[in-house]
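Feature list (source: TrEMBL):
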type: BINDING; residues: Glu80, Gly81, Thr82, Arg112, Gln126, Glu130, Arg257, Tyr261, Tyr262; note: L-histidine binding site
type: DOMAIN; residues: 22-324; note: domain 'Aminoacyl-transfer RNA synthetases class-II family profile'
Amino acid sequence: MIRLPRGTQDILPGQSEKWQYIESTFIDICRRFNYQEIRTPIFEHTELFQRGVGDTTDIVQKEMYTFEDRGNRSLTLRPEGTASVVRAFVQNKLYGSAKQPQKLFYNGPMFRYERPQQGRMRQFVQLGVEALGSKDPAIDAEVIALAMTFYQSLGLQSLKLVINSLGDKESRENHRQALVEHFNPYRAELCSDCQTRLDQNPLRVLDCKKDRDHHAMVDAPKILDYLTEEARLYFEDLKAYLDASGIDYEVDSNLVRGLDYYNHTAFEIMSAAEGFGAITTLSGGGRYNGLVEDLDGPATPGIGFALSVERLLMALENEGVTLPVNEGLDVYVVSLGDIAKVPAYTLTQQLRKSGLSVDKDYLGRKMKAQFKDADRNEAKFVVVLGEEEVNLKQAAVKDMTTGEQEMVAFDTVVNHIQSKR
Ligand code: HAM
């Protein structure tokens with residue numbers, strides 16, 4: 001037997017309805033916030049992520065599904081959506097559109113070669129948004145509000161929003177120098193990854209899982225102490241918008257995201273519910289004012305976030321939230337005897353044409369077994385067609401909720417059921 005690859009999953013009937021519900025809720029929230037869908041390819045030139053996500057990140061160094069195609073091009077299954085959206089924004093000159101800022105959302109599979117565990121898959125589905133073309137802190141607050149509104153409308157209650165500012169270029173440069181000076185005396189005690197990080201991207205040291213408990217971490221220089229006046233004011237404005245809209249948050253100066261393109265706002269939304277697994281981050285995002293330029297477009301500010309459906313489902317389950325799905329069939333058509341076969345088939349089609357969800361037996365089952373099948377499908381009505389009914393040009397319609405049964409003229413069955421729904 002061939003099994004699915006590690007870190008992937010089949011989403012079977014019973015589960016897929018939840019995915020559809022989540023996706024359609026996300027689309028609805030995006031519509032309310034005026035974000036429009038963008039669909040980009042699942043694979044891109046490897047260089048896009050090297051330059052976009054950043055050469056020194058774990059994603060690029062360790063986690064990409066990179067392959068050569070038959071034309072010897074290096075391609076990569078996208079590990080995230082932002083770089084692709086920005087590429088599409090530049091390539092399709094969306095910066096020239098009359099609609100500004102460009103507010104985009106996406107929904108699709110992402111791929112990272114990570115060690116699989118609960119909430120960490122090698123193929124996972126991200127729902128995300130990107131707003132390109134505005135550096136108003138109100139839009140940072142809007143993106144956060146969109147994420148929170150989405151989670152809350154699904155019924156999640158225990159959420160924690162954590163925010164930080166990663167400052168502008170100057171703030172980061174000052175912070176970077178302070179980090180190098182702070183950690184250099186302990187260089188030999190740090191893990192080999194951190195020794196490299198110290199040279200390439202010292203901010204990443206703060207995010208290290210291995211060295212998390214090293215004593216030098218405790219009093220490491222905090223980015224918030226190195227913000228320029230402009231960056232500080234930007235962060236203050238964001239907080240004012242969040243306060244004004246009643247969104248609670250925690251400031252964590254150690255929140256550094258795993259991707260290189262961020263500046264100013266960075267945020268993550270965690271599950272604060274008890275009993276949630278080791279990975280509590282449900283979504284993350286932030287501002288990336290230099291990325292469009294890095295990918296050869298005109299200087300354009302941007303902000304966005306992404307969440308994964310897998311972690312969302314874990315959070316829903318942990319909080320005991322059941323989504324309103326699996327509503328069952330409207331009608332099940334039971335037929336008895338050869339004479340009823342064709343009329344039952346055509347009635348099924350007519351009922352479907354009227355918009356109802358309808359099914360019938362295809363296994364030649366006896367009446368009792370057909371009723372059982374109707375139950376399994378949670379049918380609200382059962383229509384019975386036997387020899388007598390066909391001769392009388394009637395059908396027996398049973399309301400499965402009340403148990404009432406009526407004889408109805410064959411050509412009024414559709415209207416009859418529609419009027420009783
Ligand atoms: P990220 O933090 O790498 O950011 O991923 C965002 C979310 O994707 C995570 O919070 C998590 O819910 C989910 N996720 C990541 N890796 C996995 C995995 N292996 N299995 C399951 N879920 C996972 C980004 O991807 C940025 N592009 C977000 C962004 C958009 N920033 C600005 N715009």
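Note: Cβ is positioned from N, Cα and C throughout, glycine not excepted.
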What binding-site residues in Glu80, Thr82, Tyr262 place CB under 6 Å from ligand 1?
Glu80, Thr82
Around the Cβ of Thr82 (L-histidine binding site), other Cβ atoms within 10 Å, all chains included, total 26
Please report the number of other Cβ atoms within 10 Å of the Cβ of Arg257 (L-histidine binding site).
19
Looking at Cβ-Cβ distances, which residues of the chain lie under 8 angstroms from Glu80 (L-histidine binding site) while being 6 or more apart from it?
Phe49, Val53, Ile59, Met110, Gln126, Leu259, Ala306
So Gln126 (L-histidine binding site), by the Cβ count within 10 Å over all chains shown, scores 21
Protein Cβ atoms within 10 Å of Tyr262 (L-histidine binding site), excluding its own
28
If you measure every Cα to Cα pair among Glu80, Gly81, Thr82, Arg112, Gln126, Glu130, Arg257, Tyr261, Tyr262, the residues listed for L-histidine, what is the largest value in Å?
21
Tell me the coarse DSSP state (helix, strand, coil) of Gln126 (L-histidine binding site).
strand
